[in-house]
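**Q** Below is a structure I'd like to ask you about.
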Amino acid sequence: MAMGSGFNQETKTGAFFMATLLIWVFSVLWEILINKRKELFPIVLGFIFYQSANWVIPKLLRNPDPLFVNTCVSLLHSSTTSASVLFILVNQSMLSNGVNVNQMFEHSQLVEHTWPWAFTALCFSCGYFAYDQLDMLLNRLYSGWIPSILLHHFLLLICFTLALYRNVAINYLILTLICELHSVFLHLRKVRRMAGFRDCNGSIFVKVEWVLNWATFVLARVVSHILITVKLIRDASKFDKGGVELPLALFGMAGMNLLNTFLGIDLLKLTGER
């Protein structure tokens with residue numbers, strides 16, 4: 001009886017997140033088709049790109065397991081996004097022509113301006129989160145009454161999409177995506193183990209992978225998100241009074257820092273299971 005009750009609750013949870021995803025899809029298509037927001041079309045391209053990868057990977061790697069395929073696509077996204085973020089930051093620093101790089105991170109630059117390619121990169125990544133949400137819902141790659149991964153994607157889609165609609169704080173959100181550097185090694189470890197390479201603690205590759213996993217977790221995820229949170233608090237008075245940008249940003253960063261804590265605990269538990 002308890003198992004049946006839990007299954008019904010998970011079904012209701014899936015129905016809720018599917019409904020919110022459909023509402024999001026309708027909203028994005030409305031903006032693109034009705035309000036003529038063609039600059040948002042990379043969201044659709046991002047969805048198509050990662051969904052296509054989901055179709056190709058099982059044939060390419062001859063492994064149809066939905067969780068394995070989903071993790072491979074996640075690895076592709078984290079790699080693509082990391083490269084994009086690094087390119088955007090390096091490109092912007094070069095465009096500064098030697099001017100103090102700290103000016104890149106001034107409040108007006110982060111909130112009111114948009115670095116070259118930043119808007120497109122954020123749209124493309126938004127398309128991934130929509131794809132991943134749909135894939136997990138269709139293949140039931142989640143568990144529990146309130147799955148953290150579905151909630152994570154739901155909140156990201158809200159924050160990213162509102163910022164894209166209003167064209168504000170795009171650069172701030174690009175900085176939050178630096179954490180995808182850590183996701184590369186997180187997903188790489190998972191793919192390696194799912195492929196059967198588990199008992200290889202003596203491997204140099206595994207040791208390097210584990211060191212990079214922890215290094216990027218600390219630097220690209222924990223430190224970067226704490227610095228962004230501190231920056232938001234210090235610049236609180238510079239945001240428009242009565243606007244939603246600051247409360248939404250602080251709420252989003254609080255959620256990310258909380259998730260980072262849980263992720264750090266999980267990494268500690270996995271230390272002996274490389």
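Every residue gets a Cβ built from N, Cα and C, even glycine.
Automatic, uncurated: that is what TrEMBL annotation is.
Here TrEMBL flags 63-274 as domain 'TLC'. The feature transmembrane segment is assigned by TrEMBL to 15-33, 40-57, 114-131, 143-163, 169-189, 210-228, 248-268.
Just tell me what is around each of these and how deep it sits.
**A** Counting residues 6+ beyond its ends, the transmembrane segment (40-57) has Cβ neighbours under 8 Å at 28, 31-32, 63, 69-70, 72-73, 76-77, 120, 123-128, 130-132, 135, 164 in the same chain.
Outside the transmembrane segment (114-131), and at least 6 residues removed from its termini, the chain residues within Cβ reach (under 8 Å) are 21, 24-25, 39-51, 54, 73, 77, 80-81, 84-85, 87-89, 91-92, 95, 104, 153, 156-157, 160-161, 163-164, 167, 170-171, 173-174, 177.
Beyond the ends of the transmembrane segment (143-163), by six or more residues, the same chain brings 6, 9-10, 13, 17, 20-21, 24, 27-28, 122, 125-126, 129-130, 132-133, 136-137, 169-170, 173, 244, 248-249, 252, 255, 259, 262 to within a C-beta distance below 8 angstroms of the stretch.
Residues of the same chain lying 6 or more positions beyond the ends of the transmembrane segment (169-189) and with a Cβ under 8 Å from any Cβ of it are 71-72, 74-75, 77-79, 81-82, 85, 88-89, 109-111, 113-115, 118-119, 121-122, 125, 159-160, 163, 209-210, 212-213, 216-217, 220-221, 224-225, 228, 232, 245, 249, 252-253, 256, 274.
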